[in-house]
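Visitor: Okay, here's the structure, questions in a sec.
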Amino acid sequence: MRVFLLCAYILLLMVSQLRAVSFPEDDEPLNTVDYHYSRQYPVFRGRPSGNESQHRLDFQLMLKIRDTLYIAGRDQVYTVNLNEMPKTEVIPNKKLTWRSRQQDRENCAMKGKHKDECHNFIKVFVPRNDEMVFVCGTNAFNPMCRYYRLSTLEYDGEEISGLARCPFDARQTNVALFADGKLYSATVADFLASDAVIYRSMGDGSALRTIKYDSKWIKEPHFLHAIEYGNYVYFFFREIAVEHNNLGKAVYSRVARICKNDMGGSQRVLEKHWTSFLKARLNCSVPGDSFFYFDVLQSITDIIQINGIPTVVGVFTTQLNSIPGSAVCAFSMDDIEKVFKGRFKEQKTPDSVWTAVPEDKVPKPRPGCCAKHGLAEAYKTSIDFPDETLSFIKSHPLMDSAVPPIADEPWFTKTRVRYRLTAISVDHSAGPYQNYTVIFVGSEAGMVLKVLAKTSPFSLNDSVLLEEIEAYNHAKCSAENEEDKKVISLQLDKDHHALYVAFSSCIIRIPLSRCERYGSCKKSCIASRDPYCGWLSQGSCGRVTPGMLAEGYEQDTEFGNTAHLGDCHEILPTSTTPDYKIFGGPTSDMEVSSSSVTTMASIPEITPKVIDTWRPKLTSSRKFVVQDDPNTSDFTDPLSGIPKGVRWEVQSGESNQMVHMNVLITCVFAAFVLGAFIAGVAVYCYRDMFVRKNRKIHKDAESAQSCTDSSGSFAKLNGLFDSPVKEYQQNIDSPKLYSNLLTSRKELPPNGDTKSMVMDHRGQPPELAALPTPESTPVLHQKTLQAMKSHSEKAHGHGASRKETPQFFPSSPPPHSPLSHGHIPSAIVLPNATHDYNTSFSNSNAHKAEKKLQNIDHPLTKSSSKRDHRRSVDSRNTLNDLLKHLNDPNSNPKAIMGDIQMAHQNLMLDPMGSMSEVPPKVPNREASLYSPPSTLPRNSPTKRVDVPTTPGVPMTSLERQRGYHKNSSQRHSISAMPKNLNSPNGVLLSRQPSMNRGGYMPTPTGAKVDYIQGTPVSVHLQPSLSRQSSYTSNGTLPRTGLKRTPSLKPDVPPKPSFVPQTPSVRPLNKYTY
């Protein structure tokens, strides 16, 4: 048997531990009273007088003395007779008016306070005896106190200073009470609220106080309540925890005590200060492996008897910067006394942690004891205490242990709402047997919660949230902000079955129960579990009082078991029912709420409720049975009200509509994963589309023919051709660029419109617009017919490749333009050895074909042909002489340069004035490389192209090196200048022109003046490297250092560094293809 009992006890402990570890869930209210129902309750707003119709109450405190409720506010104290039953308004029967003097208000304004603060807010209202009451007010930041008679509220005596008895500001908290004829007060004692003090004054003996500016005693406290118990006076407050400073700024709840017979210390230690001041922490927390604390005390009750034990009940909240949460904890006075008899806490150094003081280091008599009591019974007064005891209590006022709550857990918690609980009032003798404890808790959202408390640790049931009441009246209470909805205080009037709920601007009188709401439905009445309500013998639900035991009643407060009861089939009252009263009427005591069983058409959210849970909810199973119709019909419109004379069929059970938390988490996680997968696929497909597009463009660009195969070299001036150059197909032969400069008899249109001639018929991409164009290439001088034969043969050899690959035929510039610096071309094609014509490369057929082309495309005079032929012969002879000199190792370079200059002079063309045609203007760098489709017939044969007999123009030096392609039959001599002429580190690299080319301007020796971007720049000769191809098979020329004077650059205006890539329309000259 003993073994069985031991096992049962162990099992009970294990179950209790498991229950303690789990965090308590918020209870759903069994009944809800919304604003539509609570707005009928009487409201107190203060009595307007004269021009104070808009006067705010500015509630400060209320106190019940016998059958009178005293309400203190700004400048006034009201009295309300509790025996009167108010209907819509609570009317005070008396009023005490105490306003600040004009001088005090002016001084308050001079201190920088707002005029609304410069009033007399009543902060202390403490009865001294049955006839007199001690009243203190802020008096425009100059606190003063008076005595008044309780019966008449008449001023009696003189004003006394309210310093250390009343705060300066109405927003500062304070407490006060009389014990043994002495006033104990706790407040701030200065204008800046920096000197918090617990003070004793009046009566016999000297005034005592806490040590000034000592954070170990009190640090930024908010005093909430003071009670007298035994030989001590207890103060409940919250403050900044000094033992928690190393970990951050936190607020802890405290209880402090002092002896009523404390006389202060000796002249050496603690003179005129408390010698018995001790404080301890109030621990309101949820137990478990890691405690969850509710550290901030908001309100606490007087000492009440809970199961015969003196107890105080308080409401606690989480830290202000934490998640909102509230709890109700009860503390027995015995546990508080036990903590004060325990160990002390100390901090040896400012940086060390707080530890417990060993018992052997605690002096005798024990600090905190009262003289002539207990361990200090041998001492008559506290002045006789030894200095060691006084010094110890001065530096060790904090106890090591915290006061635990009853049952080591809160009675009630509320953590899943956005508001905190702020006020509390307890009825510890509720029910017909007065054995239940009902707690009323106010919140900062204007709600009042009615809780049936679990007061016994052996009870199998937890606390039950009976009702949730929306007490704040929006219509009658003037709310300037959300703070005005906060419940400041609760006052229980059990004799008149009422609760007074105080807000800053009004006070609402609420009955403790609403038994009439359940009507004649027994199941609803029993399921409410309200200790104030019971099923009466008359067949209705009504309020149960201790005097009704003999009459008989039925209730089940512990469990609310209604399984043996049937469903309610109540005939609801209608508007034609004699005892029905209009909703909101001033004489209605049976008005209907939104959660009541009796539904009203004016409250659309009403739904049938299951009796055992009694929560309002909209359901689709709601049915109404009409009296005249025996058949049941579904009421499909829940928001249209209820017809007259209906019978409500309450469902016997309620299906759980809640979704399990695991299912909800799984669905959320699955939705997240699915969404992430879909998003990833979409991003991948979107990116892949662009990657494929970029690859296609890249392949098209790679397949394009490189333009480095061109045999011509182009010069780049003034930042031209900045855009990247793309290559063309490799099979375009080298001399094509020299042989495609055809001319024709066709002239440009007068308007110069060439939009249709810009794009190639094969749709070449516009990226090639930055390549040199024929507009940027000077007109090559006409060759002899024999020279053209060699080109014809070469063109005939490459005919097949020309048919397979796209060709471009840039158009020639307009021929008739005046000669000036602005017309000097910015890019020229330099001659090389392949442009010299040898008889070994020609035959008669090619000569005839070339001659035919020349006769068709270039009608020239015979004199010009002979002159060109003679000039070609002279240039060939001069070149042969030059080669001989170069091959001669004993030749003098200076002599060679002189010969070159003489050759240039001999090869000069006719004077500028006699030219029939002038060189073209400088083209735009964005001109397209593609010839317009209209310039060349689609099926035209491949032709050797010659140039018109236009006199040459001065050549410019090269700034850009073009890549070129060599094959077995042709070699080109190309040189480039990698840096600009005006670059200080640049070395001019140039190529010696062919001697047989006519039309070059003579190159003077010495320094030249070059035009760069329209500005004359002095250019000095610099050494250059050149390479020339031999005209014969005698090998290549030796690479020698040759100097050449820089050519004149065009006098053109500067061009932007970044120009658009798209080719612009350029007019074509008369030489078309």
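Placement of Cβ uses the backbone N, Cα and C atoms for every residue, glycine included.
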Visitor: Which residue in the list CYS477, CYS568, CYS667 does Swiss-Prot annotate as forming a disulfide bond with CYS521?
Guide: CYS568
Visitor: State the disulphide partner of CYS370 as given in Swiss-Prot, choosing from CYS259, CYS284, CYS329, CYS477.
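Guide: Within the candidate set CYS259, CYS284, CYS329, CYS477, Swiss-Prot assigns the bond with CYS370 to CYS259.
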Visitor: With respect to Swiss-Prot, which of the residues ASN461, ASN838 bears the note N-linked glycosylation site?
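Guide: The N-linked glycosylation site feature in Swiss-Prot corresponds to ASN461.
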Visitor: Scan CYS515, CYS541 and flag the one Swiss-Prot records as disulfide-linked to CYS525.
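Guide: Record-based pairing for CYS525: CYS541.
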Visitor: Of the candidates CYS284, CYS477, which does Swiss-Prot name as forming a disulfide with CYS329?
Guide: CYS284
Visitor: Just to confirm what the record says: which one of ASN631, ASN1034 has N-linked glycosylation site annotated in Swiss-Prot?
Guide: ASN631
Visitor: Considering the residues THR607, THR773, which is the one that Swiss-Prot annotates as phosphothreonine?
Guide: THR773
Visitor: Taking the Cα of CYS541 (disulfide bond) as the centre, which of the disulfide-bonded residues listed as CYS108, CYS284, CYS370, CYS477 lie within 10 Å of it?
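Guide: Near CYS541 (disulfide bond), where near means Cα within 10 Å, there are no disulfide-bonded residues at all.
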Visitor: How many helix, strand and coil residues does the domain 'PSI' (514-569) contain under DSSP?
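Guide: Grouping H, G, I as helix and E, B as strand yields 13 helix, 10 strand, 33 coil.
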Visitor: Looking at the domain 'Sema' (27-512) alone, can you tell me the average pLDDT?
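Guide: Reported value for the domain 'Sema' (27-512) is a mean pLDDT of 93.
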Visitor: Residues with Cβ closer than 8 Å to the Cβ of CYS525 (disulfide bond), same chain and 6+ apart in sequence?
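Guide: Non-local contacts for CYS525 (disulfide bond): CYS515, TYR518, CYS533, GLY534, TRP535, CYS541, GLN555.
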Visitor: Let's check the environment of CYS136 (disulfide bond): how many other CB atoms sit within 10 Å of its CB?
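Guide: I get 28 for this one.
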Visitor: For CYS145 (disulfide bond), write down the residues of its own chain that are at least 6 apart in sequence and whose Cβ falls under 8 Å from its Cβ; none is a fine answer.
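Guide: The list for CYS145 (disulfide bond) reads VAL124, PHE134, VAL135, CYS136, GLY137, GLU159, ILE160, SER161, GLY162, ARG165, CYS166, given in order along the sequence.
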Visitor: Using all protein chains shown, find which of the disulfide-bonded residues CYS108, CYS284, CYS521 scores highest when you count other CB atoms within 10 A of its CB.
Guide: CYS284
Visitor: Would you count the other C-beta atoms found within 10 angstroms of the C-beta of CYS259 (disulfide bond) for me?
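Guide: Its Cβ shell of radius 10 Å holds 23 other Cβ atoms.
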Visitor: Using a Cβ-Cβ cut-off under 8 angstroms and a sequence gap of six or more, which residues of the chain neighbour CYS370 (disulfide bond)?
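Guide: Non-local contacts for CYS370 (disulfide bond): ASN231, TYR232, CYS259, LYS260, ASN261, ASP262, SER276, ALA376, SER382.
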Visitor: Please report the distance from the Cα of CYS284 (disulfide bond) to the Cα of CYS118 (disulfide bond), rounded to the nearest angstrom.
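Guide: It is 38 Å, counting Cα to Cα.
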